[in-house]
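The following features are taken from TrEMBL:
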DOMAIN    328-428  domain 'Sensor histidine kinase NatK-like C-terminal'
TRANSMEM  12-37  transmembrane segment
TRANSMEM  43-65  transmembrane segment
TRANSMEM  72-93  transmembrane segment
TRANSMEM  113-137  transmembrane segment
TRANSMEM  149-171  transmembrane segment
TRANSMEM  183-203  transmembrane segment
Amino acid sequence: MDVLMGIFLQTLFLTIIIFLILVPRGSIRLFFILFIGGQVIGYAFFPWIGASSTLIILLYFFICLQWNLKNVLLSIISPVISILVSVLGSYIYDTLSISLIHISPNTYHSNLWLLFLQLMVSGLISVLILLAGRYLLKGIKLKKTVLKRYGVLFSLLSVFTVVIFYINIWIGQQQGFSDENIQANNILFIFYFILLIGVFVALTRTVMKESSLQNQQEQYEQLTEYTENLEHLYTDMQKFRHDYINILLSMSEFIRNKDMDQLQAYFEEKIMPISQGMQSNTYKLGALHNLKIQELKGVISAKMIKAQELDIDAVIEVIEPIEHISMDSVQLCRCVGILLDNAIEEAIHCDKPIVNLALIRNEKGVLIVVTNSCREETPELYKLFEKGFSTKGNNRGLGLSNLKEMVSQCKGVALDTERKEKTFIQILEVLESSAHNDVKRLSSRVI
């Protein structure tokens, strides 16, 4: 009876911890697949190999997670972390039990209620540890970057820890467990676990520092490009001002002589080209003076300069001054950059390439509207949001799927996508902090 209860509760808490790690990727179906399969394996192998049957359960968890998530790193780390956290919870309970109420873990199996209490309390401690870890990591915006760069190292350290743990169990079974040995092992494992967390925190800080420096460098380069463009614009205006008086004098001479034919020819040959030049995209960047967010201004100017070089009719509208947008500046610049890059890449294939950008402030926040001309054979919208899809070929696009994922991680941000005839429209809505509670659902939406 004690074995059945132990397998049931331990597998239950392992599955709960994995499910909490995977939120929001996990599903109820996956939870029951892991739980029921773990139960069957535990009941089948525990009578033969004892605690080592947990290793087979972990292997089963890895196979199921990889089959569902298609993510090797996450499929390895999730089960390993679940067993480490469960062991840590058990060790904490055992240490407190020996120190405070003087109950030895060796007596658990002789008393069904003590065993039930130990399994339940240690399981709850494990869940609380994981929830505390999720809360502490909630503010870290570079978790994916950290895992991508150091995920293999974390996996190896975690697996190595589990191996040490089971070697320790095997040695203990050979030599016997005393309360002193149990306490020493518990303290050693807790210290090792804290050391592992310390390594993770140190590496995370290193990645965050590197990312911050990289973002600052990117913002500096964008602002430098924006400044150079303004200097070019100023030079052109100076040239026009210098020629302005000469143009008027020439026209006045034709008018004084009443030579309308020559005046008309002069106007069409000399004045009209200047007028068309004044309507070029370079001069349209002046609308950015109402945008006070320097890093975003740098991104937009750089993308619009690129559009100008590709002979795209690019228009910017910022009617009211915008000094603040309630979104992380790095994420905001990345989102707007992806929107403009995709708009430019599609517009260049059209007979009349057009890219329009408007920043509109309303009562709830700011709307960033990007419209561009598109081809009639543009794929269906739902396909554009599929991971790895690109009109340039498989896994080559900047990816609206990446944009959708970024938006889903930002509170108070929504992305609406719509296509009307030969126009593609994307609206990024960023609500002010005070308006978050007024919205029931904010997510990526395809119209």
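Using N, Cα and C of the backbone, Cβ positions are placed for all residues, glycine too.
Predicted automatically and left uncurated, TrEMBL annotations should be read as such.
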Residue numbers, six or more beyond the limits of the transmembrane segment (72-93), whose CB comes under 8 Å of its CB atoms:
10, 13-14, 17-18, 21-22, 25, 54, 58, 61-62, 65-66, 118, 121-127, 129-130, 147, 151-152, 154-155, 158-159, 161-162, 165, 185-186, 189-190, 193
Please report, as numbers and ranges, the same-chain residues at least 6 past the borders of the transmembrane segment (113-137) whose CB is under 8 Å from any CB of it.
2, 5-6, 9-10, 12-13, 16-17, 20-21, 81, 85-86, 88-90, 92-94, 97, 103, 105, 107, 143
Any idea what the model's mean pLDDT is for the domain 'Sensor histidine kinase NatK-like C-terminal' (328-428)?
79
